[in-house]
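Visitor: Attaching a single structure in structure tokens format; questions to follow.
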């Protein structure tokens, strides 16, 4: 279980308090207006945002003392998810830990087919559209071995059709691998398609 | 002195002789033009090694001043057995390092007009500093240092801090002008083309047509006649007299083979070596009765002026400061 | 990124750089009995040479800036000039050109027996202030041209559209658009050129022509090599350190020079020119080509003066190989060290430790204000007292060149690494890359910049004479050293041939550098 307890984040005069819990292997969507502190919360869980007070616990252990590299977290940022100088295929292989090269290859292939990006694997990121890039990054974020997945507006640049297949794929894959997912979105349809719980930040 | 270098840049192409392991090595610090392919070094080396069963090894630095500097830095760790190429102006400063041993040679072999009595430093050649001009360009040369200083003729000379001719000019100006030396330097600076680091740069620039006079030696015309077959280059004789340069060799106390070192020193003043040096290092022999090419008898024979070595050692630093301040204006 | 080991390695690299410097000063202090000599600061000669150093640097910097402006404007206003890319590459070449090539060229052109000398009147003399200024202008004006041109290019198209809408006059273009754009850069370039000329060595030594035209750097060299006056040399070194150090601090307050950045060849909206001003710009451009090429072209006629059999005697191969090997090793080491040292600098930056970052960068750049001469002589003296000169000379030539080159490599790699951190720091941490994978990701990102840094430092290392002149033995020779020996003995044909060969090598490297940069 992911427990966020009396957590206080502060940036200058901006301050925000959080209290919430997510069951293991549950998908929680987070909604709220811009500036409500959605992204800041994800960043704090991942370790990028300093914590003023309170605690973040995973399976009963506090994450705050852990450096970024040791947290059980895989996060999708709003931008800069791909190294521009590496090919899509090279980018996808970073941070994965499969039992063997062969199983990794199969998993990547299946996921790429599901997200309809097999045609882009040999390309460089700058040759891709925003939506294509987003799906590539999403694929890697979900396939990584970490139990907690943080997605910051993962479908923002997708059209209605790809948005739907991406959401289906995320839910199916996350559930199959028992991932705990926190997903920030502005769209109600994402909530309907994916969420076990929905939280709205004021 | 360094004319020989002009013939070739072989210093940079020369290959160090391979040392035979079983022979003792005699290391001599000297200046670079001495060991040039056409310089005295290789010929003296060949002649000396014929009889010594040793390996004579020259280590060349830029000039006489550098030999002394290197000696000061290395002090008793030096690998040199002998030094060759400082002059009487630097003699006392070299003695002050307390590294110089006695040469053990009979000085009465030397020409009596040198009046040499020093027991540590041994002369191997000498010459007079002189301004060289091209007879084809300059019909009536200056007849005195004062006339030259007051003229507007373009001259090139060498830096007294790095070059022994430069230091020679400094002594020359000092002995002619005394307390008025600073004014003379300033006057000279008005028609000086450039002050070079070494003799070689200055002389090359002069031959390219860069000036009316260049500071060199009274022996320089001999080089042009013998090697170049040109006789338009002449030394100007000055009525005040000329400063002489006596080039010296000395044995070091740190040498592990003083006997071999003394053997080399005594070889330096043999008629064989003394006949070689004038036509390779372009200076005059220090013993009497050496047979020389006829041009040597036509060189100017100036009256000698200047200072005693201990006075030079005492005042050199102040005179250099006087020069650099005056010439900088 | 957060690999402890690479941070430790970075600190070790920085410490070893600082150790070399400390070692050099230790070498100097051991020989000088009574440390600094106060007499230096009251000596009128030192006053006059300090004044001369400042004067020639100020004149050179002002001249370079003033003359560069019209050329940069011509380049900017006429985007379709013939050979413009070549000209920009040529500007770069002039800036990194080994000074001896230029000195040989200037002597061949304007020296006592130069091609142009007969037309310059009786009183012309290349040696002295005029020669120094000419050489400095040639070396630094192209740098200023490039810097100003790049700066002008960043005037946004919208500003010009607005200017045309408002029907601004030409002088208003200058006052409202160009000048505000150039003002900051003008001062930086001026200060940069000033420091370069203040520290100039080979030019002043070769063209100074005596005590009336001596700079502080040359005086340090003379104090050490001529007078063997260690206290005076040390005092002068501190004086130089003080002056260049404060200038450097002033300079770092302004932004870093972007003169090497890629030429952004975007289509621009430019004001329409009258036929008359087009002509003027074209004329200025042509004149710039002619003037900058002249000293190099002056080397060419000497090719015909030299017989073929003499060429074989020149024994070119060995010095060429020596220079290349020396350069490649020193440049490789410098780039490697810079890369290592940047790790702690980047970590400090990411952690927001501004003061620590500043301190680390300043320490890494310390050799920029350090007279190369002082380091060389310090280590030389140490080596001599140890009696190890014969065996270790090469090692120290490479070592000191590396020390001097690190700041240049640092400057080349830093912006790109900072960009990497800005874009990808979170991602690399998120992906939990291990060291090996981390470098596999980083190196392809840096590839072009590593190449550029290598080529630039190689060019600078190959041009070195000062360090080589201290440690060189008779039988060693590098290409510039060989040129120096020929040029100083006035064997201009030989020096010219070697200079042209050297020019060819450097030109090739610069073309490569431009291709890397513009890709």
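Backbone N, Cα and C define each Cβ position, glycine as well.
Annotations in TrEMBL come from automatic prediction, not curation.
Note that this is a predicted model, so its numbers are computed, not measured.
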Visitor: Of C:164-185, C:186-207, which range does TrEMBL call transmembrane segment?
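Guide: Checking TrEMBL against the ranges C:164-185, C:186-207, the transmembrane segment one is C:186-207.
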Visitor: Looking only at residues six or more beyond either end of the transmembrane segment (C:363-385), which have a C-beta under 8 A from one in the stretch?
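Guide: Residues packing against the transmembrane segment (C:363-385) from afar: 14, 17-18, 20-21, 23-28, 30-31, 199, 201, 217, 220-221, 224-225, 230, 233, 237, 240-241, 244-245, 248, 338, 341, 345, 392-393, 396, 399-400, 403-404, 406-407, 410, 466-467, 470-471.
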Visitor: Ranking C:87-115, C:283-304, C:324-342 by Cβ pairs under 8 Å to the transmembrane segment (C:9-29), which is first?
Guide: C:324-342
Visitor: Excluding the flanking five residues on each side, which residues at least 6 beyond the ends of the transmembrane segment (C:492-513) place their CB within less than 8 Å of a CB in that stretch?
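Guide: Distant Cβ neighbours of the transmembrane segment (C:492-513) are 89, 92-93, 96-98, 100-101, 104-105, 107-108, 111, 113, 296, 299-300, 302-303, 305-306, 310-311, 314, 316, 320, 324, 452, 455-456, 458-459, 462-463, 479-480, 482-483, 486.
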Visitor: Cβ under 8 Å to the transmembrane segment (C:324-342), counting only same-chain residues 6 or more beyond its ends: which ones?
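Guide: For the transmembrane segment (C:324-342), the sequence-distant neighbours (Cβ-Cβ under 8 Å, at least 6 residues beyond its ends) are 6, 9-10, 12-14, 16-17, 360, 364, 394, 397-398, 401-402, 405-406, 408-410, 412-414, 417, 450, 453-454, 457-462, 478, 505.
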Visitor: Out of C:87-115, C:186-207, C:283-304, C:452-472, which stretch touches the transmembrane segment (C:49-75) the most, going by CB pairs under 8 Å?
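Guide: Ranking C:87-115, C:186-207, C:283-304, C:452-472 by Cβ pairs under 8 Å to the transmembrane segment (C:49-75) puts C:186-207 first.
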Visitor: If you count every Cβ pair below 8 Å, which range out of C:87-115, C:186-207, C:452-472 shares the most with the transmembrane segment (C:283-304)?
Guide: C:87-115
